[in-house]
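Trainee: According to TrEMBL, the protein has these features:
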ACT_SITE  ASP8  active site, nucleophile
BINDING   ASP8, ASP10, ASP172, ASP176  Mg(2+) binding site
BINDING   LYS149  substrate binding site
Amino acid sequence: MIKAVAVDVDGTITDGKRRLCCSAIESIRAAEELGIPVIIVTGNILPVTKTLSIFIGTSGGLVAENGGVIESSRGRMVLGDIQKCQEAYEFLKTKQPIEKVDFSDQRVSEIAFYRTLPVNLIKDTLKDFDVKIYDTKFALHITDPAVDKGTSLVRVAGDMGILPEEILAVGDSENDLEFLKVAGLKVAVANAAPELKASADYVTQKPYGDGVKEALERFVL
Ligand SMILES: O=C(O)COP(=O)(O)O
Ligand SMILES: [Mg+2]
């Protein structure tokens, strides 16, 4: 039985231009009204995630910075080590022209920069560093491999008294692979990366927020 919903943000409850989809917001609110808490699981920084939670109206915990930061009833925790990401970033900057994304001064566990270069070039340049590179299709992230959205979701759900098997998770890109893996019901939206679709129990017919609405109507509402 599904007791909570966990949603990614960019490309899942937003469209391809990062604009929030009203259809996703309405279905999230409908789930909350039924007593199903919604957990936000994103690569965005915690202040953005918290703001989204307030204005959308979600009551579940928060997973930010690809699992590097969490917030639950037990408080906030930084789980990722920004130091190793910073070292990799400093090296990368000497080799390739890159620019950090907005609000980077508030990013505390990883580094995110604009997608101006192919991800394989970044991976190759940083192959000797102990970091993970994600291409979310909205930004590139240098993340501490000790954390991911999946392990952090398990922690936040535990604080809510919910088992991972009781969670319906929806995502769109490669930084959602670990996130979907831990959830009982794995949903990829129609615009999702092929590898995420391959790992999903259900791939929505519709893209972006309309896909979230489709999945929630099918399995929760
Ligand atoms: O921060 C990003 O690059 C994408 O964020 P997301 O994990 O919510 O899709
Ligand atoms: Mg996404």
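For all residues, glycine too, the Cβ spot is worked out from N, Cα and C.
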Trainee: Out of ASP8, ASP10, LYS149, which recorded positions lie by ligand 2, with a C-beta less than 6 Å from some atom of it?
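Mentor: Near ligand 2, sequence order: ASP8, ASP10.
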Trainee: Using the Cβ center of ASP8, ASP10, ASP172, ASP176 as the Mg(2+) site position, which other residues in that chain lie within 8 Å, going by their Cβ?
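Mentor: Counting only non-site residues, the set is VAL9, GLY11, THR12, THR42, GLY43, THR136, VAL170, GLY171, SER173, ASN175, VAL189, ALA192.
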Trainee: For ASP172 (Mg(2+) binding site), which residues of its chain lie six or more apart in sequence with Cβ-Cβ distance below 8 Å?
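Mentor: Result: ASP8, ASP10, GLY11, THR12, LYS137, ALA188, VAL189, ASN191, ALA192, ALA193, LEU196, TYR208.
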Trainee: Radius 10 Å, atoms counted are CB only; among the recorded positions ASP8, ASP10, ASP176, which position scores highest?
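Mentor: Per the Cβ count, the most surrounded site is ASP176.
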Trainee: Distance check, please: Cα of LYS149 (substrate binding site) against Cα of ASP176 (Mg(2+) binding site), rounded to an integer number of angstrom.
Mentor: 7
Trainee: Tell me the coarse DSSP state (helix, strand, coil) of ASP10 (Mg(2+) binding site).
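Mentor: Where ASP10 (Mg(2+) binding site) sits, the three-state DSSP reduction gives coil.
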